[in-house]
Amino acid sequence: MTKKLSVDYFKEHIACILLITFMGIIYIYNMFANKPWYDELYTYYYFISRGPIYAAIHWPVPNNHVGYSVLSAFLDFFGNPYIGLRGVSCIAAICNLILIYRLCLNFMNKWFSTTATALYAGAFLVFRLAFQGRGYTLATTCLLVAILAVYKVSIGQCFMRNYVLFAAALTLGLYIVPSSIYWVVPVCVTGGLYLLVQKRFKDLWHLVFSGIIAAIATTFLYLLIWLAIGANLLSKNPESMFYGISQVRIILKAPFAAAKTGIDYMLATPYIQSIDRLTCIKTMPDYFVSLFGNYYNRCGLLLFILLIIVTVISIVMTIINIRSRQGFFLHLFISCGLVIVPLMLVVQSVHPYLRVLSFWAVFLFIGIVYCLYVFVLKLTQEKAQNILSLSLAFAAIIVTAASCFSSFYKSPLATRENEIAIALAELDDPHAIDNIFYTDDFQKYVIKFYYDYAPNEVYTLEGADYVITGPEFTDPGNEIPEWPVLYGYSPEMISYVKDNMTEIASTETYTIYRK
């Protein structure tokens with residue numbers, strides 16, 4: 001009986017199952033084929049490769065993606081750096097497609113649900129983050145788990161597991177990256193307003209209590225970081241009374257001082273920089289057009305117009321459906337997501353990096369498809385509905401599949417990093433490199449990722465046996481990026497390398513020298 005049901009389910013949802021299978025294969029292929037870029041390599045070098053405990057208590061820069069690094073560090077035990085760096089993200093990307101489809105099935109037929117899933121999967125920013133060693137895709141998984149848990153509570157499935165899932169998703173999402181607050185607030189408001197309107201005060205309290213537990217758990221996880229970095233700073237500060245004392249002793253003797261120092265450090269190095277509020281408001285449309293252009297190339301303005309239309313329709317439909325409650329939950333979810341996120345950006349006076357709002361594709365594409373679904377049901381007959389819904393689903397699948405094979409979607413994430421890796425591959429044994437003088441931040445991360453090796457680094461050219469030089473070595477006019485830091489080249493250095501070292505491997509931009 002179970003087998004028959006599973007076969008029937010497979011046949012019923014074959015279109016979306018094939019879509020998800022196809023995208024899973026594409027994600028896994030790109031996980032290995034599209035080589036990692038600087039941010040990924042930095043995360044791998046400093047956190048993932050050093051184990052989950054180390055990753056859980058260090059915060060040198062604000063985009064550490066702590067929770068992601070901790071989980072990835074466990075996968076890194078398998079010994080493959082690609083799986084260690086990108087495996088969690090790839091798994092999360094596949095799960096996201098399944099969860100979006102499951103969420104949509106509660107409100108739409110299978111074809112419209114497939115359309116929403118395909119549009120999300122085909123978004124460029126979503127696609128590229130799916131196989132990168134960053135936490136944004138996993139944070140979106142937490143968003144979907146949280147809203148599905150809230151939905152189950154909303155339909156009366158007020159079981160402990162749903163509240164636990166809700167709290168766990170919020171905690172992990174915020175632990176992965178603090179900017180998850182942009183989706184945490186809309187999800188919480190959705191659940192709170194829904195239960196408040198229904199006057200289910202007991203269930204509302206349980207949901208609020210779950211949110212409080214999530215806040216406490218998140219604070220505890222970050223407290224570990226605050227204590228660790230605070231104690232480290234105090235022990236290294238000559239002006240501190242704790243100078244030279246071990247970090248463990250500082251935490252035990254002065255936990256509040258360590259925590260405060262850690263908090264101050266974290267607040268002093270924000271990931272997202274504030275801008276003038278009036279400027280923030282005036283340039284918000286251009287910012288969203290740019291964001292949506294990274295969802296679908298050359299469609300930024302169109303999607304921005306659809307955003308406005310869908311937001312208005314969703315708010316109106318939310319109000320209309322308060323009494324009937326038909327589709328009320330999803331309209332409320334869409335409205336909260338599309339309204340609250342821009343309000344939060346204005347309140348904070350920020351325009352985050354576009355990848356921070358990759359999760360917004362969930363609200364946008366589900367919103368577009370659901371509004372279309374509602375109008376199709378109202379304005380067409382059943383036969384026309386079936387033809388239209390089937391056509392939309394297959395059109396969305398074709399667009400997504402075609403996009404995955406386009407040169408734009410397949411373009412390399414890395415440039416300098418790939419050149420260094422090619423140069424290293426020319427050596428008989430890259431592990432023979434020792435006493436190396438680095439001329440940029442890329443090199444040590446590439447060596448560690450591809451060869452699981454960290455040669456001894458020297459800080460004077462005269463003490464080096466190896467030097468890897470970049471494009472600026474032969475062309476001083478090359479633009480030097482501000483981040484990551486390039487150490488620069490002086491005429492004396494160039495002369496020393498040419499006079500005292502021998503070229504042993506090279507590409508068009510990078511050259512390896514040995515003394």
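Glycine is treated like the rest: Cβ placed from N, Cα and C.
Note: TrEMBL annotation is automatic and uncurated.
Annotation comment: TrEMBL describes 12-32 (among others) as transmembrane segment.
The feature transmembrane segment is assigned by TrEMBL to 83-104 (among others).
Residues 15-16, 19-20, 23, 89, 93, 96-97, 100-101, 104-105, 136-137, 291, 294-297, 354-355, 358, 361-362, 365-366, 368-370, 372-373, 386, 389-390, 392-393, 396-397, 399-400, 403-404, 408-409, 413 of the same chain sit 6 or more residues outside the transmembrane segment (111-129) yet have a Cβ under 8 Å from a Cβ within it. For 111-129 (among others), the entry in TrEMBL reads transmembrane segment.
Summarising the annotation, TrEMBL assigns transmembrane segment to 135-151 (among others).
Counting residues 6+ beyond its ends, the transmembrane segment (158-175) has Cβ neighbours under 8 Å at 66-67, 138-139, 142-143, 145-146, 148-150, 152, 181, 183-184, 187-188, 191, 203, 206-207, 209-211, 213-215, 217-218, 221-222 in the same chain. The transmembrane segment annotation in TrEMBL covers 158-175 (among others).
Per TrEMBL, the feature transmembrane segment maps to 204-229 (among others).
Positions annotated as transmembrane segment by TrEMBL: 295-316 (among others).
Feature annotation from TrEMBL assigns transmembrane segment to 328-347 (among others). Counting same-chain residues at least six beyond the ends of the transmembrane segment (328-347), those with a Cβ under 8 angstroms from any Cβ of the stretch are 106-107, 147, 151, 154, 181-183, 185-187, 189-190, 193-194, 197, 277, 280-281, 284, 288, 307, 310-311, 314-315, 317-318, 321-322, 357, 360, 362-364, 366-367, 370.
Annotation source TrEMBL lists transmembrane segment at 353-375 (among others).
According to TrEMBL, the feature transmembrane segment maps to 387-409 (among others). A Cβ distance under 8 Å defines the sequence-distant neighbours of the transmembrane segment (387-409), meaning residues of its chain 6+ beyond its ends; these are 15, 19, 22-23, 26, 109, 111-112, 114-115, 118-119, 121-122, 124, 127-128, 297, 372-373, 376, 380.
Long-range Cβ contacts of the transmembrane segment (353-375) within its own chain (Cβ-Cβ under 8 Å, at least 6 residues beyond either end) map to 100, 103-104, 107-109, 112, 115-116, 119-120, 123, 125-126, 129, 134, 136-137, 139-140, 143-144, 177, 179-180, 182-183, 186, 272, 290-292, 294-295, 303, 306-307, 309-311, 313-314, 317, 327, 330-331, 333-334, 337-338, 341, 389, 392. Long-range contacts of the transmembrane segment (135-151) within the same chain, counting only residues at least 6 positions beyond its ends with a Cβ under 8 Å from a Cβ of the stretch, are 65, 67-69, 71, 88-89, 92-93, 95-96, 99-100, 102-103, 106, 126, 129, 162-163, 165-166, 168-170, 172-173, 176-177, 180, 183-184, 187, 190-191, 194, 207, 329, 333, 355-356, 358-359, 362. When Cβ-Cβ distances below 8 Å are used as the criterion, the transmembrane segment (295-316) is approached by residues 122-126, 285, 288-289, 331, 334-335, 338-339, 361, 364, 367-368, 370-371, 408 of the same chain, each at least six residues removed from its ends.
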